[in-house]
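Input: a single structure, listed below in structure tokens.
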Amino acid sequence: MGTDTWSGDTGRAWVRVCSTSEGQKTCCGCGTGHQLGPSGLTQPLGCPHTCPHYQCCPLPTDAPWCGHCQRLAPAFAQAATELRNGSSPARLGKVDATAQTALATEFGITSYPTLKLFRDGNRTHPLEYTGRGIVRWMQRRAGPSATLLQDTDTITAFINSQDLVAIGFFKVGWAQAFFEVAAEMVDLTFGVAEAAELFQAYGLSDDTVCLFKKFDERQTNFPVDLARGLDTAELTRLLRVHSLQLVMEFTNEVQPIFSAKIPHHMLLFLNKSSPEQLSLRDSFRVLFVVVDVTGHGADVLPFFGMTAADAPTMRLVKMKNNRKYQMEQDNFSDSAIRTFIQAVLDGKVKPHLLSAEPPEDWDTQPVKVLVGKTFEQVAFDETKNVFVKFYAPWCPHCQAMAAAWEELAERYKDREDIVIAKMDSTANELENITIHGYPTLHYFPAGPGRKVGYKGTRDVETFSKFLENGGTLFGNDSDLNL
């Protein structure tokens with residue numbers, strides 16, 4: 001094909017931390033299904049082979065109850081088969097982190113599934129899976145990260161082979177940093193050109209990284225600063241940002257929207273089956289994402305507290321805290337959109353906070369049911385000590401502690417000064433409290449404007465001790481946030 005390949009390391013292995021309830025898949029290539037345990041990641045439990053020739057083993061970590069793990073299992077199994085049948089030295093393994101707690105602690109597993117890549121037996125610095133497509137992720141790390149392009153025919157075919165490719169044109173020694181970026185950005189195809197005729201063909205005189213696209217502007221150049229060199233973090237950021245289309249549609253492959261780390265997203269919700277609404281997209285060139293409310297976008301409507309009938313409408317999202325902003329009245333003119341975006345960035349627009357309607361019987365049961373509209377009235381009642389569980393209905397951890405929370409409320413139902421409450425944080429949002437995980441427990445003691453983050457175990461006796469001690473477990477108030 002007229003190409004050579006560039007590659008760094010060759011020996012790799014990766015691990016998925018996962019559930020024993022899944023069908024067991026091959027790790028070392030011997031045809032046996034394996035679970036990995038604390039005896040070491042280099043030899044699967046139950047495998048008679050030391051497998052020294054398989055230097056690359058990826059491991060996923062998961063939990064039997066995790067829906068994401070269950071959805072990943074078929075793709076992981078397929079990837080294991082393809083890698084085993086192919087020429088790649090990479091192999092797959094898995095760990096049930098709920099059973100192998102020592103491994104989960106060692107590798108900092110806090111969510112499921114987690115995928116880690118172990119290379120050349122290096123147990124201390126595994127790489128974490130971040131790309132789209134298990135097979136592509138493994139092949140990039142187990143094989144070449146960039147392709148050497150030797151002539152004009154080769155580079156033309158390379159550019160035409162993908163919607164998006166990055167090519168480094170180098171005369172001096174910046175290639176290694178470029179390879180490092182290529183090894184991490186597995187969703188983008190990378191090439192390297194050194195021949196003088198290729199510099200001339202693309203109008204270049206100095207070392208430059210070029211992004212070639214089949215959309216928007218066709219070629220974006222990032223000249224290398226000869227004094228500073230090629231900064232891998234900056235190049236990664238530039239490539240991610242400029243890889244995005246000026247207007248992207250929300251689909252089931254939305255990872256590039258979020259990995260670019262652009263802090264503000266503007267979303268246009270429309271019905272693509274409506275010609276009138278679809279025409280709005282053409283004048284939406286300053287925005288980020290178009291969401292078809294009758295297609296893949298239907299799944300994100302609950303996040304915005306919306307239904308398909310709300311389209312067409314817009315939301316601006318601040319990614320650092322998921323705050324959503326809405327025009328008082330949707331106006332799709334260029335000037336109105338620019339004015340709205342600038343007002344949000346200047347802090348002149350208040351976030352649009354979700355709130356369910358309070359149930360009629362919200363305060364008749366031992367556990368009081370709070371919503372966004374009623375939260376401050378209850379939680380910041382200076383005569384009450386209010387203990388609140390912020391939960392998600394689908395969260396298994398929340399479901400597991402539900403009985404203990406009900407029992408705690410039953411125990412204190414006759415105490416006028418103590419309120420046990422809960423709030424569904426998927427349907428309700430608060431201006432000054434951001435919930436990052438479920439369940440989250442906060443205690444609001446009587447008095448002005450204080451809250452205590454609960455960090456103890458989730459059982460009735462510990463909850464009770466916390467309340468009886470005035471919001472502490474160890475006789476201090478170091479967790480108090482004033």
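Glycine is no exception: its Cβ is also placed from the backbone N, Cα and C atoms.
All annotation found in TrEMBL is predicted automatically rather than curated by experts.
As the structure is a computational prediction, the values presented were derived from the model and not from experiment.
Per TrEMBL, the features are as follows:
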DISULFID  Cys66-Cys69  disulfide bond
DISULFID  Cys395-Cys398  disulfide bond
DOMAIN    344-472  domain 'Thioredoxin'
Residue, out of the disulfide-bonded residues Cys395, Cys398, whose Cβ gathers the largest set of other Cβ atoms within 10 Å: Cys398
Tally of residues which DSSP labels helix, strand or coil - the domain 'Thioredoxin' (344-472): 32 helix, 26 strand, 71 coil
Model confidence over the domain 'Thioredoxin' (344-472), averaged pLDDT: 92
